[in-house]
């Protein structure tokens, strides 16, 4: 009598990472939305969940470099391999090169997954390729995969950014007087960001929020230098906190908080009771703006073109009774006389690649023409609705000069009734930190530990 060998139980954390990476590759799923669902379904918690999260996001951030190394090690282009095989090779290579996982464990666990999800042939390829990957350290691999490449091509490969994005960031850094910081900016995109909370003024103060987070999540906390409302968590799930559940606080990048603060604190004369957020979804800035407006007796109209994003705005401002949420195309808005307007314009999102690493592989230079055309139309519309003496904050989560400085320059070229306020000075007044030369504000992940937010403050004369 013969017995069939008992199948080896695969590691649930690695299986969760594999499932998410396949979905991102195959159907353009969003890792930040899918991963929590997969972890919950597989009942992966605690350290195992952290392990799966690190593999998933780390692999996405470093994918271009990993692919170059895997192609060299296997003598095959990763793009020519089947989906399960390339996902598993990336997972295994990431563990070997970026994590403190013993080489034998990283290889063996990945090969076990390959045997289940593919067949013996691909599993042997995975085994051989990963063993070759393990034979060299990171410096040796970088030297190998950049042979014969230009400086910009080598930087694109090693920092895992498409070359057009490297060029765009280089141009933006030069415009901001930080040309020498290009490599630092790109590599900062590959650092895992801490979760940042926003304590909404009038609802909860920052110190109280920090105390609650520290006690309930058993985590270390810190205060951001960039935003006076920001609390940084070392770890923990903020959704478990009562202030988050009640809408007194929200998860929001410190740079995003500062942009909302810029609009609220920009100097203006006359009335200050009608505020507008033209493109409010998903509602983080609207939540902070609404809280700041409430302290002055002002009301905020939060406009969003997409119904499901408008619902997210409603959820974000649930604790505020001075915010009206509406669904409309901002270009079709009627009325004028707004005192303060936020235009957080649709953009390429190149400033938030730390949080959405897969986005770098989904954008292309060809997206810019359509986006910049929309940005100019929205800015012109916003200026129409602004009263004399009122202030508009134009913001993007992208440092690309075509979406930032050039949009401002083109729209203002045929107008003499708009003046630029020094946003960097207003930011310094809020935070107490020097954030570059004005008049426009450009934040950077390497210097400021925020998303690469851009903001300009425009005041209508009269």
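Counting starts with 1 at the first residue shown.
Here the Cβ of each residue, glycine as well, is placed from N, Cα and C on the backbone.
As written in TrEMBL, here are the features:
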- 397: active site, nucleophile (ACT_SITE)
- 279, 280, 281, 282, 283, 284, 285, 304, 344: S-adenosyl-L-methionine binding site (BINDING)
- 185-461: domain 'SAM-dependent MTase RsmB/NOP-type' (DOMAIN)
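For the S-adenosyl-L-methionine site listed in the record, the two most distant Cα atoms among 279, 280, 281, 282, 283, 284, 285, 304, 344 lie 13 Å apart. For the binding-site residues 279, 281, 283, 285, a Cα-Cα cutoff of 10 angstroms around the residue listed as 'active site, nucleophile' retains nothing.
Sequence-distant neighbours of residue 285 (S-adenosyl-L-methionine binding site): residues of the same chain at least 6 apart with a C-beta under 8 Å from its C-beta are 252, 256, 259, 260, 277, 342, 344. Counting Cβ atoms from all protein chains shown, residue 281 (S-adenosyl-L-methionine binding site) has 25 others lying within 10 Å of its own Cβ. Sequence-distant neighbours of residue 279 (S-adenosyl-L-methionine binding site) (same chain, six or more apart, CB under 8 Å from its CB) are 303, 304, 305, 330, 343, 344, 345, 346, 378, listed in sequence order. Within 8 A of the CB centroid of the S-adenosyl-L-methionine site residues 279, 280, 281, 282, 283, 284, 285, 304, 344, the other residues of that chain are 277, 286, 302, 309, 312, 313, 316. Secondary structure at residue 344 (S-adenosyl-L-methionine binding site), as computed by DSSP, is strand. In three-state terms derived from DSSP, residue 285 (S-adenosyl-L-methionine binding site) belongs to a helical segment.
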